Structure formats: structure tokens, C-alpha cells
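Taken from Swiss-Prot as is:
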type	residues	note
BINDING	ASP32, ALA33, GLU34, TYR35, ASP36, SER81, LEU82, GLU113, ARG136, GLU173, LYS291, LYS315	NAD(+) binding site
ACT_SITE	LYS115	active site, N6-AMP-lysine intermediate
BINDING	CYS409, CYS412, CYS427, CYS433	Zn(2+) binding site
DOMAIN	595-675	domain 'BRCT'
Amino acid sequence: MTSTKDKIEKLRKILLKYEYFYHTLNQSIISDAEYDYLFRQLYELELKHKELIPSDSPTQKVGSHILQKFKKIKHFSPMLSLENTFDVNGYLNFKKRIKKSIHNNEPLSFCCELKLDGVAISIIYEEGIFVRAATRGDGFEGENITSNARMIDSIPLKLKGIDIPKRLEIRGEVFMLKSNFIKLNKKYKLNQNKYFSNPRNAAAGSLRHIDPNITAERKLIFSCHGCDFFVKTNKELTTHYQRLMKCLSWGIPVNKEIVICSSDIEIIQFYKKIAQKRNFLDFDIDGIVIKVNSLELQKKIGSTTKSPRWAIAFKFSPKERITTLNDVKFQVGRTGVITPVAYFNPVYISGVMISKASLHNKNEIERLNLHFNDTITICRSGDVIPRLLNVIEIRRCDNAKKIIFPSFCPVCNTELLENIEEKLIRCHSGLTCDAQKKQALYHFFSKKSLYVVGLGPKIINELVEKGLVKNPIDFFYLKDIDLIQLKNVGKRKSIKIINSIKKCKKTTLKCFIYALGIPGVGEVVAGKIANYFIKLDKLMNSNILELNCISGVGKIISNNIFNYFSTISNREMVVKLIKQAGIFLNDQEIHKINSEKTYFFNKKIVLTGVFKSFSRIELKTILLSLGAKISNNISRKTDFLIYGNNFGSKFFRAKDLDVKIINQEELNSLIRIKE
């Protein structure tokens, strides 16, 4: 038994050594075939002597049980995101802020690293043994991915070396090599499976796969970018760089592209160097990360609830690619606006395959002087939105055909009219244009309008195409037998939709105005109009002068409202919706008087978390009916933050700003007081 135990231990040490060289030092000192042979030997020996298998054995990275679900796990300290900048001025402003928060005579150096485009995770080691791993999640709570993280070869299950803390937290990125990503997608295409759009998505999907064995097959890579010692056993480590090097000595992978910079010139030179190397790397990066190197200064500078003040991501300018323009299609929006969209040969930019980009309006087509088959330059603004930058006219063929903005609607063939003030071209045929009809109907029954559960774009499109509906009125006469003939609509779903249509008849003037889809009239403007006119008939009979008196409603929107109710077909439809379809508008005058008496009247409120008693939309509706103003962002002007379970960073931001915080029980009590 002793000789077998020694042999097992020897094989483990050899394999762990090879893994360290390969994954941490990027050195291959053994062939794949030799490694597989040694691995098989160890596997077979451990299979016969299961009592000798430790948790850090190389064999424990395969054959794990299949997870049923991922449980939530709280981080020991928040996993914050980074502030971003795309230019030198942004970096200089960041440095200026740091100088203000410390004494100017203190030496200041920065640790500069690659900003890997991967999935952020946290790993905990106790006594040098891997015990758990979690995704970032919302920064305060992530998913327990321990079983899957064990399958990543570059994550050591047992640390080596000396001075290992009793408890250690490692933070870093999990990513997939571009070469492995291409192989994975080829495999998926052969099996006719849905493939991944970019390496980051592939890494995220693989890391959260229900079967850890699949995670193991995907060849994910981990790279450390930070750590924390819960028991301060390494007092000699005073800088971020020293910590990273210590992690490397323990066998934790750290990317080799790290420099210490003491001047602006050094940082900019490093940024330019990495920008030039970017396209030649086998993994995606989207910039560099600049961190104050001194741990003492990091602590002194501190963090906001969202990001550390001592670090910033200096992102690359949008990447550009040259491709060929194939076509420009003219789309018709809900309000009749014609939007040109360019279609071109697909190009891969910043990890995403792009084949189309909005051209916004007629002016943009004229600016670019577009012709069919033009050679064009494409980029992603902010590494997100596809944009056609310019045309390389020198490559244009002599007989190239110029792209002309249409004079008639591409869907209904109605003559288009140009609004010079708005810089827009519209089809004014309204609901007689199928493209506008479909989108207008979806808007009419959307969540912020007269919400009907289950009535999505696919069902509405099919109802229009089958001639079952032509305008909103027709929906109130639908029967379940009409819906059953549609794709994927059974008896139960049809009844659910019909019942929801009946319920949506009772609404507010604000929701009704918004549902009409008048150009420029969003949710906020609809509320202002409702509060000003109080009654629908007053709005319908208003003139331009009255409309211009409404605060926040400009000349263009006033004209749009006046033109809408001046159109006979629109007026007839509104009257039929009220008198025939039976839409009932809550009395706005009584609502306004009552809302002024409530605790929430005219208060700016922000919501965060999940609420027990009602959905987010229901709660917003209740608060708005009480005269509240709902906002998405916390500021010093916020009156209340109302929070539920699993609240996010807004809660801590509110505390920092001394904003009054209301929990679910207090909220229920306040709502009952009103009632």
C-alpha cells in the first residue's frame, strides 16, 4: 500500500508541476500525449484507492456531479465595477481627483494591467485549499460556481509556496481564447446548435453550465487581477504589484503584461503599446486598467458604492473595420418615421459580429454620399453601437448606383413628407400602413399603456396579417375562438388574453394619451397633458395656444398633438374606444385632488429590489396615482428610496447621500394610510 501511495503522490506532483508551467508560466514542458498518459495512470490508481484521493488532485477536475441550480452567495466585500474613460483627458481628470484626496508631496505610482474582456469571479482559499468560487452578480451577491470553477485547469485547487494566509480571496477574470472560441462554434454549427456570439459570452455560458464536465471541456482560462488577505500575515506587501507577484508565486495565474508607471508619459506609452498588440492577442481586451499601486493610498482614497476611486479603466477607442455595403433598407417606425439601415458584409469588431448599422436619417445618407457596393468603414461607438464612419470613395466603381432616399413609403406606397424642423421624413398614412399598424397596436397594449398580458408582437403581427384586427377597437371584440387559430395559442392562453383585454379597459387619462402613440408624447409628457386638461374632451378640443401653455411641452410636440386630434379618423377612433369599446378613464380631477393629500405627493422616489406584495410595474402605478415622481437614479434631490429583497447598490448610494429609506412594511403602512 505504501508503494502505491508513494506512486500516486509522485504522479500528482508531476502533473501539478506541468499544469503550473502550462497555465501559469505559459510554458509547455511536456507533450499532450505524455501528459494524457500520466494522467490516465493517476486516474486508474485513484479509482482503485479512493481513500487516497485529496481534493486538490488533478483528477478531481473531471467527472464532477451535475448541478441542479446555482445558489446565491454573498461576497465578503463588494465586487465593484470600474469607472471608464476613452481618452487622455479622462485619465488626467482621474489623476487630478486622486491628487486632491492625498498630499501632493506623497510619491504616486500606478500599476497598469490589461483589461481582460471576461467574466469577473471571486475565489476563496482557506489554508491554501480552494473552497469556493462565485460570480460578481450584482456586486454584493453572486452565483455559487464552485463546482464549475474547479474544472478550470488554470485555477489551482491547492496553493504552493510559503506565507499563504489562513484565508485568501482572489479576484480575476475567466475568459476563452479566440482560437478555442472558433473551434467551439465550428463544433456547434456541425451539430446544428445555437452558437455563441463572442468569446466572453462563450466563457460566461460555459462557467454557468449546469454540467461541470461541459465547463471542463470548454478550456476556460483564469487570470488574477487582485486579492485580499483576511488575516494580515504579509505585512511586507505594501503595493498592489507585490500582491500580484505573491499570488503568482503561490501558483495563481497573473497576466504578464503589468507595468509600474510614475508619469503620465509612461502610462500613455503603455496604453499605445497594448493598443498596437491588441489585434495579435489570442484573447479579447478592451483597454488597460490603471490602479494606484500603494495599498495604503488605496485605502485612503476609498471607493464609491459603485467603483473604487483609486482605479480607472482606460478603454480603447472604437475599433474600425473595412467592408462592402450590400444594401440600404428603409424601415417604417411606429410614428411613420423612415429610418435607413445599412446592410454590409459581416465584420468582427470587439468580439461581436456586425452586419448592419442604422443611418438615422436622410442627412446621413447625403453626408456619406452612399452608393451600392461602396467600400465602407464600420466601427462600434463606445465598443457598443455599430456605426458607418465613412466611404472610401477611391475604391468606388465608375458605374456604381447612388442610394436615393425614397419619395414613397416602402410598405404602403404613400407619398412621404419631410419635417425640416425635426429633420425627419414620415409616412402619414397611420394605421392604413401595415408597418405602422403593427407597431402602433403593440404600443397601445404595452406595459405603460393599456397593458394586456400575453399580447406580444408575434400575436399582434399574426392578427393583422390574418385581417382579424385593423385598429385598437377591434381587439375589444376579439373572442377566444379568434385567438385559438393563431400559432402557439391554446385555449388557456386565449382566455387569459381575452380576460386581460377586459381588465385593461379601466385606465387613466395619462395611460390612454400615451397609448395613442402621438409623436413626441412619451410617458412624462402624457402625464403633464393629463394633469393640465383633466378631461379627455378638453384635450381633444384644445388649440395650439393652450397646448403651448403646458410646461415641458414644446412647439413641435404641441403641433403633433393638435394635428393628431384634428385628423377625423383619429377623433372617430378615440370616441369609439370610449363609447363602443367601453374604455373607462378614472376621473383625473378627483385623482389629482386625492393625490395632493398623500404622503408621496410631488416626491421624487427611486425603487430597488424585489417586492413581495406587487410587481415593479404595479408599485410604480400605485405611487404615480399618489402623485409621486419615479426616477431611476439616486441623487441629492431624491426624497425617498423604497427597497425590497435583493436590493442593489442604490441602497448604499442612498445611505451615503442621507436619502430617507423606506422598507416594504413601512410602504404598505403608508399606502394603507392613504386608502
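The chain as shown is numbered from 1 upward.
Glycine residues also receive a Cβ, built from the backbone N, Cα and C atoms like all the rest.
Report note: the Zn(2+) site is defined by CYS409, CYS412, CYS427, CYS433, and the residues of the same chain whose CB lies within 8 Å of the CB centroid of those residues, excluding them, are VAL332, GLY336, PRO410, VAL411, ASN413, THR414, SER429, THR432, ALA435, GLN436.
Cβ environment of LYS291 (NAD(+) binding site): PHE110, CYS111, CYS112, GLU113, HIS240, GLN298, TRP310, ALA311 lie under 8 Å away, each six or more residues apart in the same chain. Note: ARG136 (NAD(+) binding site) has non-local neighbours MET79, VAL119, ALA120, ILE121, SER122, GLY142, i.e. same-chain residues 6+ apart with C-beta under 8 A of its own C-beta.
The Cβ of CYS427 (Zn(2+) binding site) lies under 8 Å from the Cβ of VAL332, GLY336, ILE338, CYS409, VAL411, CYS412, THR414, LEU416, CYS433, GLN436, each of these being in the same chain and 6 or more residues away along the sequence. Here the CA atom of LEU82 (NAD(+) binding site) lies 10 Å from the CA atom of LYS115 (active site, N6-AMP-lysine intermediate). For CYS409 (Zn(2+) binding site), the Cβ neighbour count at a 10 Å cut-off comes to 22, with all displayed protein chains included. Put plainly, the binding-site residues LEU82, CYS412, CYS433 were compared by Cβ crowding within 10 Å, and the winner is CYS433. The Cβ of LYS115 (active site, N6-AMP-lysine intermediate) has 21 other Cβ atoms within 10 Å, all protein chains considered.
If you take every residue in the domain 'BRCT' (595-675) and average the pLDDT, you get 81. Secondary structure from DSSP puts ARG136 (NAD(+) binding site) in coil. Classification of CYS427 (Zn(2+) binding site) by DSSP places it in coil, neither helical nor stranded.
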